[in-house]
């Protein structure tokens, strides 16, 4: 007959033999899962970095266009004359922006729409005494960098400015 200690020892030894390698498989599975979690985390961080860079580029292009609009408004306030274009041709700001060359960093187009709406004569547009001749349409285009090659974002603003 077996002694109790011998029974326990033989039972443990038989269990050890049947469990060899199970810990290795579990450890490998846990390692693979952790590696996948790390890869996904890196992909998320990379995507967030790209999104923030795109947001910065779009914001810089918009600020450049906005500053060009403010500059054109200050030029209008000085009373400078403009080339008023042919008012019989409808003005399309999208077509104008698309026609801007690929080598242009920033561009502005100012049009006296009071003349086009026949509120005043073209010669009187500089004379501030004619109050109906004070509406200007400003369309600007700007890139996010001072170099066309380095730019990754474009912005366009179309606004109406009424000279005081």
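Sequential numbering from 1, following the chain as shown.
Cβ atoms here come from the backbone N, Cα and C positions, even for glycine.
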(message) If I go by TrEMBL, the feature transmembrane segment sits on one of 21-42, 43-64. Which?
(response) 21-42
(message) Counting by DSSP secondary structure, give me helix, strand and coil numbers for the domain 'Type 4 fimbrial biogenesis protein PilX N-terminal' (20-67).
(response) 46 helix, 0 strand, 2 coil
(request) Please average pLDDT over the domain 'Type 4 fimbrial biogenesis protein PilX N-terminal' (20-67) for the predicted structure. (result) 92
